[in-house]
Amino acid sequence: MSRVVLAYSGGLDTSVCIELLRERYGYDEVITVTADVGQPEEELREAEEKARKLADEHFTVDCVDEFVCEYCWRAVKANATYEGYPLSTALARPLIAQKVLEVARDVDADAVAHGCTGKGNDQFRFESYLRAHGGEEFEIVAPVRDLNLTRDEEIAYAEERGIPVPVDVDSPYSVDENLWGRSIEGGVLEDPSEEPPEEVFEWTVSPAEAPDEPEVVEIEFEDGVPVEVDGRDDPVEIVRYLNETAGEHGVGRIDIIEDRVIGLKSREVYEAPAAVTLLEAHRALEAFTLTRRELSLKASLEEEWARLVYDGLWFNPLREHLEAFFDSTQRHVEGTVRVKLFKGSATVISRESPRALYEEELISYEEKQFDQRTAEGAVKLHGLQERLALRRRG
């Protein structure tokens, strides 16, 4: 008996994949796996109910704590964004792929499958991990891509077979959610000249409709990661709280043109209130506690880390080398940052740290502890190479 394990979200793509794997690929059993990485409880419940009707067996794997502590907190240390996007979907994919492989081994499956299209990034993220960690054990199947299905064709296929799906031709948005962020694609969003309609947003209010009074949150960091926010010290609760609180003030909306792995440019809309707030606070604390050269080198390495994750290369050895450097710097990133949330902005208004490299007595114009006359020699030498180049090169 042939058996395939499908990474299952409950959305259109993965729902039609269940029947396609039987009908077009001939698998006798289709087993679905949903990884809980912080999706809304209602979404998880609906996915599980649907999977139990459509699939032969279903597993929901709780990995939200692991997602925050082992993935999101690494992203905070790396100040990770790709072209302005905090990598929410990209961060979750290797963890989901790992859980799919674990179930596939437990049930003695012949193959693993995903519902990614041939135009998106997730096919790279899932398959690179699956091939690296299970390519010799399992066949990898991608029905939507391999059958070259359009979204309208998937909707029609679902309607013909009575497969319940959360979209139709009048509301064709594709949404992916985890605790670190929410991504929205499709429909009118594919026209970059059109403003995203308010109906696509769920986590954030319109900045114009946000409260007229700002709210300040206090974030405490140790070793570069948040350990307490307004009295909350559980990692998952910290992210949930900031998603709710910052979202109420319109913080975290992102609308960008993004360069996909495959080479296409796409219009992407995201909501990431907690990620945006935490990254803003973390950068401010780093500027307070790290040297200029540490910050400069780290900025270039952060870009490389983010690109690895975005491209689906979580398992690349370079990521671990980069994180070794990040971890070394983060030993000094300790302190408290206060962030004001107001009508779409998250603004750092204060920072305190026992490891601060800021010395008020030295920088103050009212103090004489720093002898200004000692700067004369440095000023004379500053730009020496540039002056020589100007003379000798004309």
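Cβ atoms are placed via backbone N, Cα and C, with glycine included.
Given the structure is predicted, the values throughout are model-derived calculations rather than measurements.
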May I ask you to find which of TYR71, TYR85, TYR358 Swiss-Prot records for the L-citrulline site already listed with ASN121, ARG125, SER174, SER183, GLU258, TYR270? TYR85
One of GLY115, GLY118, GLY120 listed by Swiss-Prot as binding ATP at the site of ALA7, TYR8, SER9, GLY10, GLY11, LEU12, ASP13, THR14, SER15, ALA35: GLY115
Between the Cα atoms of ASP122 (L-aspartate binding site) and SER15 (ATP binding site), what distance do you get, rounded to the nearest Å? 16
Check the DSSP secondary structure of SER183 (L-citrulline binding site), expressed as helix, strand or coil. strand
Highest Cβ count within 10 Å among the binding-site residues TYR85, TYR270: which residue is it? TYR270
Once DSSP output is merged into helix, strand and coil, SER15 (ATP binding site) belongs to helix
